[in-house]
Amino acid sequence: MDRTKWPAISGLTIGTYLLCRSVPGTFAFDKPLHTSVTVLATCAATLLLLGRILPREIGASQKDQQYDAVPLEDVGIDRSSREPSPIRDDVRYPSSLRKLRIVFLILVVAICARVATLKEIVENPQCAALTWEPLIPLALAIGDYWTVQRRSKRMHAEDYENNLYDDIQGAFVSSPYRYLLTAGVLSLSSLLALAKARSVGSTYICAATLSHTWVVPASQHFGTFLDLIIMYCVGQLLHQYEVQGQRSVALRFVSIGWAALFSAAAMFGVLGTSYLLAGPPDRRRLIGMSSSYVWSLFRFDLLASFTATCTLFSIYHIGIMSASMIAAFVSTTTLATSFTWNNAHPFPPTSTGLGLMAIILAIISFTVYFHVDASDRSHNSKTLRTVPAWLYLILAIILIVHTSLWASHSSTVSYHPIDLLIYDATRHHEAYLNQSSSSTNLEEAVANYEVRYNRPPPPGFNHWYKYATARNSVVIDDFDSIHRDLLPFWSVPPEIIRDRTYQLISNPWHDVAGVSIRGGKAEVSPNVMPTHRWMIDGLVEMIGHFAEFLPDMDLAFNLNDECRVAVPFEDIEPMRKDGAHPRIVEGGAVQNSFSEGRAEQWKTVSEEPSPERVLKEMSWQKTFYEFGSIGCPPKSPARKDRTWNTGELCTTCTNPHSLGAFLANWTLAGDICHQPDLANLHGLYLSPAAFKASHELYPIFSQSKTHGFNDILYPSAWNYLDKARYEPSDTYPDLGWREKNNTLFWRGATSEGVSQGFGSWKGMARQRFVHMTNHLQDLNTSSSSSYTPPQPLLLPIPNQKPRSSSTKHPEVEGIVYSPLLHYQLLPSSLLPSLLPTDLQIVETIARCGGRDCSDQAAEFAPLASPSDFQYHWQYRFLLDLDGAGFSGRFLPFLFSKSLPFKAGVFREWWDDRVTAWLHFVPVDVRGQGLWGTLGYFAGVRGSLASDKAIGEGKDEVDGPGPGRGKRGGLWIDVPSHEVEGEEIAERVRRWAGQVLRKEDMEIYFFRLLLEWGRLTDDARDGIGFSS
């Protein structure tokens, strides 16, 4: 058994490190009960198998651990006046089978209870508090002191040849407080390090009206207590003695294996009972397992079982205390180093100085502990006989890494990121203007088309050019969105495209309507649902303006808001590459007309619906991994990672498209491939209302789509028919910028997705934004009535100036602001007094089922009364949030005198034409930059109540506040950027009048259908327009 000591310790260290690295991105926690049963069963099988390999007799190392009435340090000392000193490794172990059975039963119950607490925590991490797990070594040290060390009578023999250091060392090593102090410092420093390694809180809802607000923190703390019980029971079983004599090594590990097996059986029984009592939807949730989960479970099971087995052997060799110290130190340094490495920028705000101090204390305490342990003569189960040089080298490397990260970290910025983003947006838009309308005549337009797209324009291009120029189209050359949408269809034969179109529109179950163009006229195909007839009629009206120039063909239009076609990356990428090949006909000779007899090539859609179904129904189900991220490369985070911890902002997900807390790249923000956390943050991915989709490249025209979907975008009939119209009146005038209410305004319904009783609404964007701006109490404060984490604002750093200097505002006398800025986490309960918002859900909770209806109604009460759409214009800032699909209100916002804010993942036909930060204000769908962005335009001025509020709300988290007013509160005075906001509002108003008119919708649609007409032509490689 002695040969297993160092492999076990090495396995504990490596396993702990790998678990800390893999747990944040594992799919295994999607089903915590299933995962727990699997891991427990694997551990049981491993230990029972090892029981056949391990020696039946007690090992030599364990013989040395038997109780000895004469401790080694007492040799040669008169013992007539006292009892023998107890030895730490050999006390408190059961001496009868009855006690062993009790310990065994307690272990089984504790494991089952721990699984239950883990399930509660993993399913609601947004309500979690700071864990107490780092305090386990301290708790064990307290227990050791109380039961062993305080009863030990130790004598430190003085040696006159010793120096002062030797005397201090000897006194500390023999002190009964030696383990208490080292473990205490490690535990508290680990707690501090983990507290400073926490990201900004997520906007995922921890509902105040539900019990999770107190059940989850209670489960965390009770789970820590259960961990102590489990460790105690394991220690008892591994170091057990009977009246008849010592039990064999094999039997000790086998007894723990049986405990794990009984626990797994009990949990499996719970699963089986739940399945029998559940209805069909719940049964599908219980037994449904994705391939990602199964594969992740396999890897996690192997790693967890390996780590658990190594931990048991480590406890057997070096005791619970030393094993817990190793696990605590390795996990703390791993998590703290990973966080510090990935967050070297000023955002998220964190106190790197305190974090470094915590790591230094952890390293010192860890080193001192093992030095003391190696010098302790009261027991023989030592980790080390002497502390080796390689351990000092590893600890020195850890210290150097953290010191370097601390030295390179900056907590301040010298300019406001939004100033830079507006400047970059201006340059980007100028470049767009230069290349989008460089053609001044038809010949130049044809030449630019061939250069851009490696093929001649489609037949009829001259008619389109005339149509566009007659309507003063600003955009002539840049229709890259059409090119991107249609590119993969070049690898699909025209006859297959036509067959797939017929399959879609011939069965109303697909929720796809057909428009038939014959002889220059557009008509609605049979079997269109009456509820959506207005939409198809609007499209026919739009097409009617240019139908005479289109070839005969059928079109399939998506009647649902949600996008429909998601081809796997492995399939769509070769199709794109094939479609990008140059298709210029040799000699330049192309036929400037579509093929004859096209009408006969399209199957006639009859009144009798076809029974064939070619789409997969996934309404009310999670879709991110099956249809969302499937369009991403296999090695991308969205394909291989699962961000299950919804309680913290995923900074590795936001960094690629953000500048600090602010969204910097609107296009990249729509790319979900680096954002696995979006699986929990949008209704389309959580539980779409109507989702019938395909992994094959079906030709479906949709009004909007997210990244990874292959629908073909077209201008929405909702906007074309003015379903939401910008139409100010005397009753609802569109006031001038400075006359508007300085408030961020939103009204809407819970239509983003369906929350059918499993709490999906907590992650939907609309509910999260409303919750974030209305339920503004802080998590973990006793006075909380709701739970929203502190929110970041970018504020100037205050400097003090003499009190005698006069100021315009007496409340800020004595304070002058530095040009440097820093992020500060302000208590969300105080933000409404600084930044007015008015975001509310209207009238009733929609698209819900089960208890989610009443839960949302209680959480968002009171709901707002319906108001006229024209009511928006009195507000300076208008927020547009994603619904189930395209936005029907954003285009009217752009035509108004207000400043539009937009947060969402859906993209529409106009996306290339409108530039973020120049024409609208982008906000990350997570919401972490909302308050900072609003503060930039609206200004921040006010006092944060009082010192009491500061203390309770932790106003000065991670840095000093901007200043203090006479009332003792934290004073904030940041001027608004009214000029910049008004310029954006006026600029987009003019720009929308140039490129987002109804005429621009017709021009875009005309060009799209010309391109589609060529794609569906059997002679598509030989036809085109040549000037």
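Quick reminder: no glycine exception, Cβ is built from N, Cα and C everywhere.
Here's what TrEMBL has on this protein:
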- 38-55: transmembrane segment (TRANSMEM)
- 100-117: transmembrane segment (TRANSMEM)
- 129-148: transmembrane segment (TRANSMEM)
- 250-277: transmembrane segment (TRANSMEM)
- 297-316: transmembrane segment (TRANSMEM)
- 323-341: transmembrane segment (TRANSMEM)
- 353-372: transmembrane segment (TRANSMEM)
- 384-407: transmembrane segment (TRANSMEM)
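Here the listed stretches are 100-117, 250-277, 353-372, 384-407, and the one with the most C-beta pairs under 8 angstroms to the transmembrane segment (297-316) is 250-277. With a threshold of 8 Å between CB atoms, the same-chain residues lying at least 6 positions outside the transmembrane segment (250-277) that come near it are 33-34, 36-37, 40-41, 43-48, 50-56, 100, 104, 107-108, 111-112, 115, 233-234, 237-240, 283, 286-287, 312, 316.
For the transmembrane segment (353-372), the neighbouring stretch richest in Cβ pairs under 8 Å, chosen from 100-117, 323-341, 384-407, is 384-407. Remote same-chain residues near the transmembrane segment (129-148) are listed as 86-88, 91-92, 176-177, 179-180, 182-184, 186-188, 190-191, 194-195, 198, 216-217, 220-221, 224, 227-228, 231, 320-321, 324-325, 328, 332, 779-780 (criterion: CB distance under 8 Å, separation of at least six residues from the stretch ends). Through the fold, the transmembrane segment (323-341) approaches residues 9, 12-13, 16-17, 19-21, 133-134, 136-137, 140, 182-183, 186-187, 189-190, 193-194, 196-199, 231, 311, 314-315, 350, 352, 355, 358-359, 362, 366, 369-370, 383, 398, 401-402, 405-406, 409 of its own chain, all at least 6 residues removed from its boundaries and within a Cβ separation under 8 Å.
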